[in-house]
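Below: one structure, written as structure tokens.
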């Protein structure tokens with residue numbers, strides 16, 4: 001297969017013997033696990049709206065407020081360029097990337113549930129601090145605690161969903177994380193639209209309501225079951241089998257359970273999972289899943305648009321209420337796209353969604369840059385027609401991201417890593433993702449100020465590069481059991497020359513380090 005490099009007949013172990021039936025208990029555990037996405041989504045959506053509210057700016061960033069109203073009727077690329085203001089947003093992500101390493105240890109030793117519960121408690125505390133903030137120090141401390149919640153949640157939830165899901169619909173189940181993320185973003189935009197009218201404390205309501213999804217996640221984390229993979233990893237074998245039977249809806253789980261035991265034996269022999277991740281046999285997983293995809297997800301430019309959608313639309317000549325409404329529309333596109341992706345990902349595969357949506361996103365970024373180069377930046381407001389066109393183009397861009405790099409940026413890394421390095425690798429995934437999220441959040445408004453429309457051409461060029469990365473280096477993982485995904489790299493046209501070929505007489509043993 002060109003690009004994918006997958007042989008027509010994959011070497012399998014016992015995956016073809018797995019059985020499962022849908023059960024209400026399985027649905028409950030997945031919905032509860034997916035609530036972790038709502039924390040990430042709500043904060044992602046609420047931050048940009050709050051930073052565009054006059055009451056918030058007057059209390060904490062009066063210089064930005066005065067600059068905004070000095071030229072209220074002029075469009076201005078640099079109106080919101082303030083590094084302390086962007087630190088309000090990005091401090092959460094710097095915190096998350098540090099906390100994810102603590103989350104890795106907890107996730108491996110105590111299970112996925114423990115990280116979900118700790119993440120919910122941290123997020124709940126941060127929401128309370130932000131809602132009651134009296135100064136910038138309280139705001140930043142609250143954001144740090146919110147970041148801890150996201151660091152723990154994003155570390156554990158994608159693993160939890162991928163491990164609970166059967167191979168045949170693992171893509172759709174894992175994308176519940178993205179669905180609740182998108183739902184959180186959409187709800188946050190709607191909340192901002194109404195609280196913007198509540199003076200002078202509407203912004204406090206917006207920030208404080210983050211406690212609601214955190215409470216749901218805390219309750220769900222207490223009630224839901226631990227994953228069979230984690231229970232086996234902890235040596236709780238009987239409990240692991242009971243949970244596996246319950247989530248699969250059948251007593252005939254011997255093949256899958258035996259695979260879990262096999263990989264667990266190898267996992268227990270790994271004393272330094274972070275060091276093991278860098279060994280040659282895991283080079284494809286490291287490059288694609290731990291470094292490439294989580295970095296590229298942020299370099300699409302989509303999260304910059306979501307962070308600052310209200311600010312962008314105000315800077316492009318929309319009024320305050322219109323900008324919040326416009327961002328609500330684009331966030332609605334993200335939610336619709338996540339549903340589309342859930343329906344298509346296990347039928348057409350990950351690569352197809354990455355590539356076709358990537359082409360759409362490139363076209364949208366180029367179109368945005370061309371319009372702004374011709375019509376914007378001359379001290380005049382954009383015409384109604386041009387403004388509507390920009391909203392439509394951004395809508396289509398978000399629609400493309402929401403069915404590709406958004407959900408797949410979490411799904412694909414979570415299914416690439418074998419058990420012995422899974423929690424450590426997921427920490428690297430979250431860390432890389434948060435580093436680039438924080439950098440993009442911190443630098444976007446400054447880049448918009450200095451590069452002007454060129455920032456959108458930069459994002460278009462980056463999407464071209466990352467689409468080539470997917471085309472040539474990522475094998476298709478749809479419907480492959482999670483414990484057998486590593487086999488795909490042995491038959492891949494490029495990675496097969498890097499990882500050591502399996503010994504012919506030991507078909508059930510993973511290759512040793514080269």
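The backbone N, Cα and C atoms fix where each Cβ goes, glycine too.
As given in TrEMBL:
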type	residues	note
DOMAIN	29-478	domain 'Major facilitator superfamily (MFS) profile'
TRANSMEM	22-42	transmembrane segment
TRANSMEM	84-102	transmembrane segment
TRANSMEM	139-161	transmembrane segment
TRANSMEM	173-195	transmembrane segment
TRANSMEM	201-225	transmembrane segment
TRANSMEM	325-345	transmembrane segment
TRANSMEM	352-374	transmembrane segment
TRANSMEM	386-406	transmembrane segment
TRANSMEM	427-447	transmembrane segment
TRANSMEM	453-474	transmembrane segment
Long-range neighbours of the transmembrane segment (84-102), counting only residues six or more past its ends (CB under 8 A): 43, 47-48, 51, 60-61, 64, 122, 136, 139-140, 143-148, 150-152, 154-155, 307, 427, 430-435, 437-439, 441-446
Contact ranking winner - 22-42, 201-225, 427-447, 453-474 against the transmembrane segment (352-374), Cβ under 8 Å: 453-474
Annotated stretches the transmembrane segment (201-225) and the transmembrane segment (427-447) touching (3 or more Cβ pairs under 8 Å): no
Per Cβ pairs under 8 Å, the stretch of 22-42, 139-161, 325-345, 453-474 packing most closely against the transmembrane segment (427-447): 139-161
Arithmetic mean of per-residue pLDDT over the domain 'Major facilitator superfamily (MFS) profile' (29-478): 84
